[in-house]
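Quick notes on the structure that follows.
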Amino acid sequence: MDNVNCLGNESSLWHCRARHLGKDTHRCSSIAYVVCSESLNARLVDGPGKCAGRVEIQYKGRWRQVRKDSEWTDDNSNSVCKEMECGKMRKSTGPGKFSQGSGDFLSNPVKCNKDANNISACDIEIERSTAVGNNEAVGVICEDHKVIFLEGNNSCSGKVVIEHGDTSYWLSGSNNTWNSVSGKIVCQQIHCGNFVNFSTVPAEKERSIWSESYYCSDPTTRSLFECKNESSNASDRIATVTCSGNKTVSLTETCWGNVKVCFGGKCGGVCADSWTKDLSELLCKSLDCGNTVLSATKMHDKTMQWIFKSLHPTNQTTNLNQSSIVLNDTNICTQKAAYVVCSGSVKPQFDTPRDKCVGNVVVSFEDQWLPVCTNALQNKQEQDAMCEALECGQAVKMTGYFGPKPGNKPFISELQCSSTEKMSLKSCNKITAKTSTCTPAVLQCNKWKKMTVSETCSGIVVVHSNENRGQVSFDGWTNTDGDRLCKDLECGSVKSNQNYSTSEKHSVWGKTFNCTYQNNTENIWDCEMQNSSSQQLLSIDCRDKPRVTLSEKCGGAVMINEIQVCDTHWKKEYSDMICQEQNCSNALHFSTTGPQPDPATDYYHVSCDDYHHELGQCKRVKGKCAGKLVSVNCVGNVQFNTTEKCGGSIKVSYIKNTWEHVCTKELSDTFKEQLCKKLDCVGLNTTYRPSKREQLVSSIGLECTDDHMDIRHCLNSNLSCEGVKPAEVFCKGYKAHTPPKKESKPVPVVPIILGVGLFLVLVILIVIFVRIYTVKKAKNAMNDPSRMLSRKEVEFESGDYEDVTSKENEMEDLSRGRFRSEAEVMMETDARSTSSFPYDDIDEAAEAQPLTSQAATAGASRDIHEDALNKNGVTYEVDDPQENYDDIEASSEITQTKAEVHNSPVTTPESESAVVPPGLVPGDVDYLVPGQDG
């Protein structure tokens, strides 16, 4: 069917004009979709009655929750109430709210006008998206909503009360309507078990009687308001009923914990999503747990079984036991259970059990003891509230914290209390616990008391208080009391209790102690009883006296029962105390810093009072150490010595096997005399005047005053030794130390000989090396053709030589009529220039004999020489491998002269032709004739 067009008066859609497709394969592009108003319905669920609950709307066949936002109006709520025949919406919804459920939310906005009597008369708009996270469902309480509860000795017996709006009424006890069936329905409706009996009592004027009476005939009816009703005609009797059960609302830990509802033998939690702060305040008040709800620091109990969706108290009562409850029959409560912490759950105490009304302040908060920040107790009002809560009177002062540093856990960081109620912290309107790094508070109230014994774990028992000091009477004291006191003193159990009398007058503590009939005593002060006037005094002896020692004799690490002590609360008086216990005099108060503690190990923390004289008497507690470990050095460990026997620079040792020099600004003869005795010397030598000594480095000084009796007490690390000479003492028997003369040792001969020999060898090797280098250089120069000289250069340079072979030898060779051998003649290509030789002596050069004749040499000029050389093509060069002829005899080499002869086509003139020596036949070979130019 397509293109449907109806006029509005048709009885059926089939009567409208339309195009019937029949078997046509044509398909519609869209399909018509209709939501009829009669398909829209509304209901109220998870409420204490039919006229109150969470709104759900049936849309497209499914029940959906309605999201609480700005688009849901009072007109919408009114239409829902009218549809439920419950009148209009009530403006006040009470302290409770309804369970949030687990269904889907309607995404279509709903708009109702004022005249809409049901949700079907409202407009359902187009679906739209909604902001993520806004998932609170709408809850409505209508004007006709009524609840019923019983007023009597408990929540399940008493007079029947009907609350309507803000007013409560008695239920009429008319004989016509009030019967056992009605009573049974009431017991079931308020979850109080089975019906026991019913009755009526005279009406009280504090309330009016409800205008309607209810006649019930069917015991399966779920509510009294579903029975037949009629106008009430009895004004003098009201209905009462007794049920078998009992309904209670409480907290799992008295004044804090999960909300616990019990009825019919079953107990369970309430869904947190339906719980409100108003309900928490009502619950704290009804349980007498204070008026303030505190912020929780712990996780909720996940093991708690949730069997209640919601709890709805009446407006006229503050007792939540009279509330209406909604069972979790559909098991839709998937969130955590309701959890409440009341201010009345906070209980303070002092964490030192042996003392009363003084110590570190801690507060029990959600089953854990939390320290209180000093900032939280800055005001006297809060300090007094804490002391009042502990029955300790008024606050006196804040003192220093004692004990290991609290770990990573919450502190009570804020405390605001009323000035009218100081007996407990229930009156505080603000108590905040959060993780903090603040300084823990220590409070002393005016009723403080401390009990101690005259020695460690034994002796006369004495009480110190704000008022006086008194010895404890033996009257009524038992071994049970002794065990309690020894335990408080950390001395084990009691060994013996004794009484003693003395003629001296002592102040006696005015009260006795008896722990025999006391259960769960926390300290001896829980056993304090009536006044006493007995003069028999108590002396006690405990079994486990702590062993206080030092790791070395008169020094080292402080240990109590082999456990080291942390220095976070350590005072110098404690060091004196332990040194005196060890018979080592007092302590040196410049002891070296102790070692670092092990983070995983517990150490003792110690705090002593002024009247303690032994470390074992002091309070101690184990815990992690945030500082360093205590190390003490006693005066009894101090020893003196001097650099020489009976005199010299003074040295001191206060740590085993460690000696240091000391300085002093002034040391009297009295202390010097005392020092000489300690050195086992006869006495002080006052006449000796020491020579100047070297400056020594020292970090400890001797500073003695008239108050010092022993020089060992004069050690002072605060004395500046800079620029101060080292302390010296010279006793009788001192002998100045004379350094021995240094003996001259004979010079060893062998090393000298070896050194000289090595030097000579090196010189010889250097000479040989130079000589070899020179010869090699000369030979290389001979083989260099670039060094060949012309005849003219030879003649010109011939005067350079300082010393040549004598004329006699040369003339001897000439007279013998011989030429130089071929070995004595050097080729031109091998010649070396002699131009580098110096012309130191012209006369010596003139005496040298050249290879040519005297006449040739004398008659030749520079130009003739050049011309002859050019014409004949003959080059002469004289070379000597030695560069210096200072010592002819030392040279084993012979100067060689080489001549190179070339044939020339030019005919030599007769005047210049050579004369052939006798005995020689001229031929094709040219000859070099001595004495002639050639």
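Backbone N, Cα and C define each Cβ position, glycine as well.
Nobody curates TrEMBL annotations by hand; they come from automatic prediction.
From a predicted model like this one, the values you see are computed outputs, not experimental measurements.
Record note: among 484-505, 528-549, 902-923, 902-923 is the stretch given as region 'Disordered' by TrEMBL.
Distance between Cα atoms for CYS16 (disulfide bond) and CYS81 (disulfide bond): 39 Å, as a whole number. In this structure the C-alpha atoms belonging to CYS6 (disulfide bond) and CYS704 (disulfide bond) are separated by 125 Å.
The Cβ of CYS142 (disulfide bond) lies under 8 Å from the Cβ of LEU44, CYS51, ALA52, CYS81, MET84, CYS86, GLY87, LYS88, MET89, ARG90, each on the same chain and at least six residues away in sequence.
Here the transmembrane segment (749-773) has no Cβ contact under 8 Å with any residue of the same chain six or more residues outside its ends.
Note: the domain 'SRCR' (339-458) comprises 20 helix, 57 strand, 43 coil (DSSP; helix = H, G, I, strand = E, B). On the backbone, the CA of CYS704 (disulfide bond) and the CA of CYS122 (disulfide bond) stand 104 Å apart. Cβ neighbour density within 10 Å is lowest for CYS16 among the disulfide-bonded residues CYS16, CYS122, CYS704.
Cβ environment of CYS618 (disulfide bond): TYR574, VAL606, SER607, CYS608, ASP609, HIS612 lie under 8 Å away, each six or more residues apart in the same chain. Secondary structure from DSSP puts CYS142 (disulfide bond) in a beta strand.
Of all the disulfide-bonded residues listed (CYS6, CYS81, CYS608, CYS714), CYS81 sits in the most crowded Cβ setting, with the most other Cβ atoms within 10 Å.
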